[in-house]
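Remarks on the structure that follows.
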Amino acid sequence: MRSIILAGLCSAVLLSGAAYAQSGAPIKIANVAELSGGGATVGNNWKNGIDLAVEEINAKGGILGRKIEVSHADSQSNPGVARAQVQKALDGEPYVLLGPGYSGSVKVTAPLAAEAGITQIMGGEAAELTQAGNKFLFRTSFGQQSSMPKVAKYVNDELKAKSVAVVWVNNDFGRGGRDVITKEFNRLGIKVAADLSTEAGQADFAADVSKIKAAAPDAVFIYVNEEESARILKEIKRQGVTVPLIGETTLVGQKVIELAGDAANGARGHVGLTTDAPVEAIKAFRDRFVKKYNYVPDHNGLKGYLAIYMVKATTEKMGKVDSKAFADTLHGLTIKTSAEPNILMDVTFDQNGDIDRQGFLVEVVEGKQVVKQVLPKLN
Amino acid sequence: MSNLLDLIVAGLATGAIYALVAVGFTLLWQTSQTINFAQGEFVMLPAFLMLAVMHLGAPFWLAILVGIVLSALLLGLAFKMLLVDPMLRHGVLPLAIATMALAIAIKEAVKQFFSAEASPFPSIVPAGDVSILGRAISLQSLGVLAVAILAVVGLTTLLNRTSLGHQMQAAAQNPTVARIIGVPVERMILLTFLINAVLVALASLLITPIYLAKFSSGEVLGQAAFIAAIVGGFNQVRGAIAGGLLIGVVDNLAAAYVSTQYRAAVPMILLIMMILFRPQGLLGRAEERTV
């Protein structure tokens with residue numbers, strides 16, 4: 001009899017522990033991002049966006065009554081370090097993995113998360129990332145296969161350019177963008193007057209800009225990381241190149257504008273996310289971010305913020321914290337602002353983990369991003 | 001042809017910075033047999049010191065002055081007294097390793113206390129171009145070149161035309177004899193460290209508006225200047241200048257006419273060729289080893 005009571009007591013203790021784990025224990029989320037190195041701007045904005053969202057959600061009681069606990073690890077903008085950090089993070093059995101932001105780092109870490117059956121919500125934009133059949137990988141922004149055709153169309157329809165110099169950074173992100181945009185230019189009959197590969201972390205762009213001048217294109221398409229964007233914009237101004245400069249988020253982001261100063265004026269680009277978007281929820285996010293961190297975030301701040309709200313909306317849709325069912329639920333899910341205001345814009349995730357929502361065409365005018373066109377959600 | 005001229009001018013401007021930094025290598029080597037592998041970080045740090053002063057509300061010119069004085073104290077005086085003097089008695093190799101550790105410490109400290117992200121930095125030279133021989137040459141390139149040339153001319157004049165310079169050279173060439181004839185050798189060596197600190201602060205002021213202020217920016221710069229010093233001649237100030245200018249121009253021409261992807265390899269190839277065929281460098285003098 002005594003053994004039965006003892007067994008009963010043990011079971012009760014174990015069950016209550018399990019119940020605590022189910023209801024009261026924090027939800028562990030791991031973030032691996034570029035907190036130092038060439039992508040420090042990307043990683044730190046991403047991290048700050050995550051922390052802001054976590055703070056907001058925890059202040060309101062968490063997700064399904066459980067607080068969120070995020071760990072941050074530095075990939076040092078190095079794919080090898082990112083892989084080691086992701087492995088370490090996965091060993092801690094997180095609910096969801098966030099990051100990295102660099103496509104090259106996502107490429108080498110995605111198989112690890114998929115093998116562990118953990119959903120990875122990342123910031124990489126290389127087209128190939130979501131085309132490899134990985135069912136656990138989700139974007140927080142458009143992939144190049146969505147954004148580049150829009151840029152090429154703008155170059156053709158609005159700028160009426162017949163020849164374009166393409167400057168790209170020689171990594172997975174840059175190569176992916178270069179391949180898609182040159183294909184689009186070829187399709188539209190636009191000549192690639194110069195095809196210039198640059199290096200991540202490159203400091204001196206004098207030779208590259210001299211080559212652009214020699215090629216005399218109608219426009220220059222620039223697809224390099226933020227700091228390098230600032231450096232090349234300064235060199236372009238220094239060497240007196242006056243043709244339109246067009247790019248993507250990495251050419252017209254807040255950090256680029258801050259670093260390049262006057263040289264950023266006139267640069268145009270397609271951005272999936274911008275704090276200057278004419279969307280009230282985004283303006284409110286911007287105010288909250290500035291209040292907390294005392295600077296205006298670039299798109300990576302928005303991406304990090306949205307990643308956490310993607311976790312919240314998906315978990316609430318499931319009604320339980322289940323990392324194995326998470327990816328299945330997020331595939332095909334539409335998160336509306338009417339249900340989750342902090343998702344900022346209605347968003348739909350397809351079966352590849354790609355995203356569909358509004359996009360924007362912006363121009364830097366007197367040190368500020370000005371939205372010139374709002375591109376609607378496709379579906 | 002016009003493109004070539006642009007590339008050469010831009011290369012000379014970058015090379016002038018390398019030259020300023022490379023001169024520091026040769027100065028410290030000549031006077032105290034010190035190879036300072038933190039020389040790149042010595043160029044990075046003054047920019048952050050100036051930014052810190054500006055964040056306190058000081059105008060740019062005052063930040064420059066304070067930055068140069070702080071550089072002299074930290075990278076000249078403190079570097080000599082706290083690291084070089086105690087380590088040198090254990091030999092050149094431990095000292096070299098200590099400077100590598102110092103490079104990491106400076107880099108990590110800047111990352112920790114300032115930011116891992118790049119910051120903009122104001123330029124002392126206004127934006128715009130001037131027309132020379134029908135070519136638009138940027139004021140910034142010319143300014144960098146001019147300041148670097150002035151600094152180097154001032155330094156060579158000091159070394160070759162003044163009593164102080166002669167004493168410094170005597171202290172560098174043979175400290176024992178210099179002491180016998182009454183040269184204050186220790187003071188001369190300290191002066192060399194201070195000159196190096198001012199030169200790196202100048203280099204920092206010139207290059208940071210272009211390269212941006214970032215904790216890791218000393219890596220590339222230190223490496224380029226080290227190669228420049230070896231290629232030009234590690235034991236000659238004029239060699240370091242020639243090496244710096246050569247590396248700047250070769251790097252730019254390689255990026256334009258060979259490949260941007262392999263531009264980093266070109267100075268290394270130049271370095272290997274020099275070590276193989278003229279180990280004393282372009283303008284250096286062969287030193288005999290005493291046994």
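Quick reminder: no glycine exception, Cβ is built from N, Cα and C everywhere.
Those TrEMBL annotations? Automatic predictions, nothing curated.
Annotated features, as they stand in TrEMBL:
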- B:7-29: transmembrane segment (TRANSMEM)
- B:60-82: transmembrane segment (TRANSMEM)
- B:88-106: transmembrane segment (TRANSMEM)
- B:142-159: transmembrane segment (TRANSMEM)
- B:188-212: transmembrane segment (TRANSMEM)
- B:224-250: transmembrane segment (TRANSMEM)
- B:262-279: transmembrane segment (TRANSMEM)
For the transmembrane segment (B:7-29), which stretch among B:60-82, B:142-159, B:188-212, B:262-279 has the most Cβ pairs under 8 A?
B:188-212
Residues of the parent chain within Cβ reach of the transmembrane segment (B:142-159), under 8 Å, 6 or more residues beyond its termini
9, 12-14, 16-17, 19-20, 23, 124-125, 130, 165, 168-169, 195, 199, 202-203, 206-207, 237-238, 241
Going along the chain, which residues at least six beyond the ends of the transmembrane segment (B:188-212) come within the CB cut-off of under 8 Å?
16-17, 20-21, 23-24, 27-28, 30-32, 36, 39, 42-47, 50, 64, 67-68, 71-72, 74-77, 79-80, 84, 118-125, 140, 143-144, 147-148, 151, 155, 164, 167-168, 170-172, 178, 221
